[in-house]
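According to Swiss-Prot, the protein carries these features:
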type     : residues                                                                             : note
ACT_SITE : LYS9                                                                                 : active site
BINDING  : PRO98, MET99, GLY100, GLY101, GLY102, LEU103, GLY104, GLY105, GLY106, SER107, SER108 : ATP binding site
ACT_SITE : ASP140                                                                               : active site
Amino acid sequence: MTHWPSPAKLNLFLYITGQRADGYHTLQTLFQFLDYGDTLHIEPRRDGEIHLLTPVNGVENEDNLIVRAARLLMKAASESGRLPAGSGADISIEKRLPMGGGLGGGSSNAATVLVALNHLWQCGLSIDELATLGLTLGADVPVFVRGHAAFAEGVGEILTPVNPPEKWYLVAHPGVSIPTPVIFKDPQLPRNTPKRSIDTLLKCEFSNDCEVIARKRFREVDAALSWLLEYAPSRLTGTGACVFAEFDTESCARQVLEQAPEWLNAFVAKGVNLSPLHRELL
């Protein structure tokens with residue numbers, strides 16, 4: 001049995017710069033990983049079978065991103081003659097990241113499967129090939145595959161590695177799940193934020209264009225942010241529902257965590273520019 005980190009991410013800022021004819025939104029965002037997340041346990045099989053041993057409530061196994069990622073890698077490696085005969089896996093997950101939280105849990109799970117099985121099966125696909133596969137599963141999967149904090153443009157697929165400060169964060173889940181389409185279909189979502197260079201953006205105060213919609217439509221998000229803002233700079237990650245406050249030290253973050261209201265599910269984690277998944281491979 002092998003054990004693989006599947007870390008969370010934060011969007012340190014998120015700006016919607018337009019909407020394409022196909023309905024997808026163009027954006028500029030800054031991804032950073034957390035030293036906190038799910039853990040995947042993978043046992044290679046020799047009979048070509050893929051088994052997910054820990055089903056997720058409400059999601060059929062074959063629809064789960066974990067299984068889809070495994071089958072995608074199997075197909076791509078087989079078609080290019082790089083899949084050893086009988087390659088398969090038993091996969092289980094220790095789930096800590098909430099669904100619909102904006103922490104990238106499902107995308108991170110898919111990326112971990114692609115990276116881990118490519119290693120365990122010795123397929124030899126490059127990071128670029130894995131990232132291309134990952135993009136077919138979701139726009140956030142490639143950043144997890146590549147494993148470095150990144151500035152993202154386009155619909156999130158154009159990645160430039162960056163090294164923002166590695167601060168401490170108090171991350172809070174307000175107890176609601178926000179489907180991404182709810183935010184992106186809202187007519188009041190800002191869709192014309194001017195595009196700026198990464199150098200300019202890093203000098204500006206960070207914000208998230210989705211936050212005003214999430215706070216308006218979900219009172220729990222509004223309440224969580226109102227509480228966090230009493231202590232530190234705070235904002236929404238992704239399209240929510242999770243919110244986070246940033247601190248210079250772990251002790252400051254934990255002091256605030258001790259005062260968290262009971263209705264908030266919160267944790268403290270460090271922002272890291274190298275993914276914990278990729279640290280495992282060093």
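Numbers here mean position along the shown chain, with the first residue as 1.
Keep in mind that glycine also has a Cβ here, set from the backbone N, Cα and C atoms.
Features recorded in Swiss-Prot, as mapped to the structure shown.
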residue : record           : Cβ neighbours (10 Å)
LYS9    : active site      : 27
PRO98   : ATP binding site : 18
GLY100  : ATP binding site : 19
GLY102  : ATP binding site : 30
GLY104  : ATP binding site : 28
GLY106  : ATP binding site : 24
SER108  : ATP binding site : 28
ASP140  : active site      : 25
Any further residue of that chain within 8 Å (Cβ to the Cβ centroid of PRO98, MET99, GLY100, GLY101, GLY102, LEU103, GLY104, GLY105, GLY106, SER107, SER108) of the recorded ATP site: ALA8, LEU97, GLY238
Distance [Cα-Cα, Å, rounded] between PRO98 (ATP binding site) and ASP140 (active site): 16
ASP140 (active site) and SER108 (ATP binding site), Cα-Cα, nearest whole angstrom: 8
Cα-to-Cα gap, GLY102 (ATP binding site) vs ASP140 (active site), nearest whole Å: 11
Rounded Cα-Cα span from GLY104 (ATP binding site) to ASP140 (active site), Å: 7
DSSP state at GLY102 (ATP binding site), helix/strand/coil: coil
Between LYS9 (active site) and GLY106 (ATP binding site): CA-CA distance (Å): 11
